[in-house]
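Here's the structure, in structure tokens; my notes come after.
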Amino acid sequence: MNTSVPPAVSPNITVLAPGKGPWQVAFIGITTGLLSLATVTGNLLVLISFKVNTELKTVNNYFLLSLACADLIIGTFSMNLYTTYLLMGHWALGTLACDLWLALDYVASNASVMNLLLISFDRYFSVTRPLSYRAKRTPRRAALMIGLAWLVSFVLWAPAILFWQYLVGERTVLAGQCYIQFLSQPIITFGTAMAAFYLPVTVMCTLYWRIYRETENRARELAALQGSETPGKGGGSSSSSERSQPGAEGSPESPPGRCCRCCRAPRLLQAYSWKEEEEEDEGSMESLTSSEGEEPGSEVVIKMPMVDPEAQAPTKQPPKSSPNTVKRPTKKGRDRGGKGQKPRGKEQLAKRKTFSLVKEKKAARTLSAILLAFILTWTPYNIMVLVSTFCKDCVPETLWELGYWLCYVNSTVNPMCYALCNKAFRDTFRLLLLCRWDKRRWRKIPKRPGSVHRTPSRQC
């Protein structure tokens, strides 16, 4: 949130001179107009993508959706009104429009900061408390937190901006100017800058550091776990074939149909290639799991009937409808079974941990991009706020204008961060821009043997 008034709206700084050259006016108007258009277009793409692509409807993306709403408000109203104010050199829309613009601008800006805090805390608890927090992490609870973030932003700024003049008994804002009346004192501006920018940034950076450390610890634990499963690594992947189970004492091979999974109730498992999962975005991966560490079906794409071991003769052939089993010997030259299931369990545990780690890294990458963009675009202006508290005339007017506009540019950059760090957003943006998205038609395209991927048909 912009915690001070811009140069043209500050009582301590003269407004933009009406005599600016036509080329300067044209350059400023075209540049800011393009930025506003890019901001509106990018954030509308986020909203439409969330609507048409069900894979994006994850809890984490609900926070991004709220952030996009705040950025859309800034791109639609704040950018254009501020540009008009700068180019005209005075506020010509009246006091009511001035107060409404400031209230909308500050509420949306503060909501952006609150949503960034929510995203940071959500990532932090998801990584540090995966079991207890994920059980409570529902869309309804996320919507409640988002609603509270907007409510707090509204309560903090809207009443004070709209009704301060009535509380003190007079309006002290100079004629032809538009700024927040109670922020005309530098010490108050300094306090709001500390509370609205520096404190949230400190909290977000601390949380991100904790997330980074926890993710690194998990990576080391996973490496140690994978290093201890030498029996499981020699047999290759177990995601595309069924093993026969030998007897407990190394007896001859069991007949077809008597495998280690025949004792379980029959069910159809959907196979997902592990390499393919690594290529999926964080949102789609999260939709494949119901809890922390739970891996989607990754064993076999077969339906095994229940077989009675006593009723089945050793020489009886399996029915035609039953799939053939593929025996894959271990290093010792015999099928995995009995004691061999223990390394297989470690292999599956390592795969689940790897899946969870990849997902968390993708989410952390999105968070880091958004946080970095926020710091880079908001820090210059808030540094100038601190400087002006102790030296009113030390900051040139042009720097004030650039710094204030740079805060708005953050709303332009955020959708780019989503696209760069999230494959689902990137692909959906591309299809929407090329007019190739049709959410009503889907087709199944096997990307690899043993895997099924659902993609939208691409037609305008």
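Cβ from N, Cα, C; glycine included.
When the topology recorded in Swiss-Prot is consulted, L183 and F425 turn out to be separated by the membrane. The disulfide entry in Swiss-Prot for C178 points, among C98, C259, to C98.
When N12, N110 are looked up in Swiss-Prot, the one carrying the note N-linked glycosylation site is N12; the rest have no such note there, which does not rule it out for them.
Listed as Cβ neighbours of the transmembrane segment (143-164) (distance under 8 Å, sequence separation of 6 or more from its ends, same chain) are residues 1, 62-63, 66, 99-100, 102-103, 106-108, 110-111, 114-115, 117-118, 180-182. Note: the topological domain 'Extracellular' (85-95) comprises 5 helix, 0 strand, 6 coil (DSSP; helix = H, G, I, strand = E, B).
The stretch from 23-48, 96-121, 398-420 with the most CB pairs below 8 A to the transmembrane segment (367-390) is 398-420. With a cut-off of 8 Å between Cβ atoms, the residues of this chain six or more beyond the transmembrane segment (96-121) that come close are 1-2, 60, 63-64, 66-67, 70-71, 73-74, 77-78, 81-82, 145-146, 149-150, 152-154, 156-158, 161-162, 173, 178-180, 196-197, 200, 203-204, 207-208, 367, 370-371, 374, 407, 410-411. Per-class residue totals from DSSP over the topological domain 'Extracellular' (391-397), listed helix then strand then coil: 1 helix, 0 strand, 6 coil.
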